[in-house]
């Protein structure tokens, strides 16, 4: 008796259909029996009890929406992965951690962990054609990790949209004949600040003119939202809503602008930057090679965390985007292309950043390390200060903040799409009312974001930035990798990919999925916990209770993993029985139960 294996090319030509709410069916194992040289097949389709007696609607019988063009998908993935961190974090990390020597651990972790995880999520979403939660029909006990990444993506939207609102505020403020941070005689300046050196005025503008940080004593003293930032936040939320309300058909067109504009602006800024005096000193500092730095474990931790966060695995976005691909799309090629573009962009942006930092050091007669920084301070203080000294400063400021705006928008679109797709695939009523659900999601993020644009809002944002997607997202991807590689099985996962593309992943990818990537994630999770310290912002140290709240935020998403696993144990004792509940033309394969021997083999 042999198991019949249907030709893969026949399976991969049909995209999965949407489920109906009525009669759920399971396909039993197809058997082949040899009798006198003739093969006989036998299969049975068993109906399962249905909780709904209503007939399928026309909408449910339609096939899943797909991207209008392949380029829509590629630009959406690139736009999500290439975000503000590519500009404000990687260049500084490279400079701080040995310059060119930092590329050794960075590229190593890209190859052994970043790309494999990127490839895994694209393949997982494309084959199952589901969002981050329902994709775990492959092994339902792990469905909790789907809710974990959806909640994390929602949390990130609470504060990431605020950073975009800052960019919009700076953009509007730049539309004057003279940049507002060029001088100190402004309404937000106190008498003590009116006589300071002009080059510090941009810091004053940021802290007092935008954040109004001087009106807050700490996280316990937030105050009211600033009306100027409220208007900018409203504009951001409406832009997100109208980009996403029609699904990938609308968002796939928006990224033609938001994903390509940063490259145009970076190139223009680079050309301008290298013509400035001191620019070459900055670039040499960026690329200097110090191999001794590689002896410091922190350098390797920085490289590991940067490659992980830069590619964006674990937020449910890649799974959601890939679920709208055609079933036979070559997601392997897509994974290699988009992850490479992301990392090259990070490296390229360093030239645009450090050419200007070199100019700043030359201008003020200081060393590069005195002006080099990372994070919001780089793009909202240091770079605007440099721009203000250039001829045509208004033009350069507008161009720069347009770049920040577009970098942020498509990344925020990706996060919100992960939430919308993940929940609407799980709850069909949300899918039938996508426009209303999209509005509710956008409006919900707006309401929470109001806390981040108060006088003390920067403290709330700092807390969320550290805890909402720190250890929790690393934990989520670790569980995801274990679920796919060890419980569902590398062999089964490889067979799924073969059904889509006609070839199995090579031994290298299977080894990475099964051993290297989980080990990498485990080490990074442990490192993130061990190196965790109390929060601070400049000279302000957060009270201990705020750190407790932060860990509560982190645990609020992670808890879905054990809670859902316990629920599945109690509801189906003694087995992890998988019930996909779908009869699927592209999945006429044996029922998979997680209590059968998983695919431990690699050959």
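Please read every residue number as a count from 1 along the shown chain.
The backbone N, Cα and C atoms fix where each Cβ goes, glycine too.
The list of residues near the transmembrane segment (73-91) in space but at least 6 beyond its ends in sequence, with Cβ under 8 angstroms from a Cβ of it, reads 67, 163, 248, 251-252, 255-256, 258-260, 262, 266, 286, 306, 309-312, 317-318, 321-322, 324-325, 329, 334, 337-339, 341-342, 345-347, 349-350, 353-354, 374-376, 378-379, 403-404, 407-408, 410-411, 413-415. The annotation transmembrane segment is assigned in TrEMBL to 73-91 (among others).
Taken from TrEMBL, the feature Na(+) binding site applies to 79, 81, 82, 86, 310, 342, 407, 410, 411. Under a cutoff of 8 A between CB atoms, and with a sequence separation of 6+ in the same chain, the neighbours of residue 411 (Na(+) binding site) are 79, 80, 81, 82, 83, 84, 160, 312.
The transmembrane segment annotation in TrEMBL covers 103-124 (among others).
Sequence annotations record features per position, and here TrEMBL assigns transmembrane segment to 145-172 (among others).
Summarising the annotation, TrEMBL assigns transmembrane segment to 224-242 (among others). Counting same-chain residues at least six beyond the ends of the transmembrane segment (224-242), those with a Cβ under 8 angstroms from any Cβ of the stretch are 161-162, 164-166, 168-169, 172, 210, 212, 250, 409, 412-413, 416, 438-439, 442-443, 445-446, 449-450, 453-455, 457.
Taken from TrEMBL, the feature transmembrane segment covers 254-274 (among others).
Per TrEMBL, transmembrane segment is recorded for 307-324 (among others).
The transmembrane segment annotation in TrEMBL covers 336-362 (among others).
Same-chain residues lying 6 or more positions outside the transmembrane segment (395-415) and placing a CB less than 8 Å from one of its CB atoms are 76, 79-84, 86-87, 153-154, 156-157, 160-161, 163-164, 167-168, 170-171, 174-175, 179, 236, 239-240, 243-244, 251, 254-255, 257-259, 261-262, 265-266, 268-269, 272, 312, 315, 317, 320-321, 379, 383-384, 387-388. TrEMBL lists 395-415 (among others) with the feature transmembrane segment.
Taking Cβ pairs closer than 8 Å, the transmembrane segment (436-461) reaches residues 154, 157-159, 161-163, 165, 211-213, 215-226, 229-230, 233-234, 237-238, 240-241, 244-245, 416, 419-420, 423-424, 430, 537, 540, 542, 546 in its own chain, all 6 or more past its ends. Look at TrEMBL and you will find 436-461 (among others) tagged as transmembrane segment.
Annotation source TrEMBL lists transmembrane segment at 467-490 (among others).
Among the features that TrEMBL reports, transmembrane segment is placed at 511-536 (among others).
Panel annotation: around the transmembrane segment (548-567), residues 141-145, 147-148, 151-152, 155, 463-464, 466-468, 470-472, 475-476, 479, 535 of the same chain, lying at least six beyond its termini, place a Cβ under 8 Å from a Cβ of the stretch. For 548-567 (among others), the entry in TrEMBL reads transmembrane segment.
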Cβ pairs under 8 Å with the transmembrane segment (254-274): which stretch of 145-172, 307-324, 336-362, 467-490 has the most?
336-362
For the transmembrane segment (467-490), which stretch among 103-124, 145-172, 307-324, 336-362, 511-536 has the most Cβ pairs under 8 A?
511-536
Tell me the Cβ neighbour count for residue 407 (Na(+) binding site), meaning other Cβ atoms within 10 Å of its Cβ, over all protein chains shown.
29
Where, among 145-172, 336-362, 511-536, do we find the most CB pairs under 8 A to the transmembrane segment (103-124)?
511-536
Neighbours of the Na(+) site 79, 81, 82, 86, 310, 342, 407, 410, 411: Cβ within 8 Å of the Cβ centroid, same chain, sequence order.
78, 80, 83, 85, 262, 312, 345
Against which stretches of its own chain does the transmembrane segment (336-362) lie, if we need a Cβ under 8 Å and a gap of at least six residues from its ends?
74, 77-78, 81-82, 86-87, 90-91, 94-95, 103, 106-107, 110, 114-115, 118-119, 263, 266, 269-270, 273-274, 276-283, 285-286, 307, 310-311, 368, 370-372, 378, 382-383, 385-386
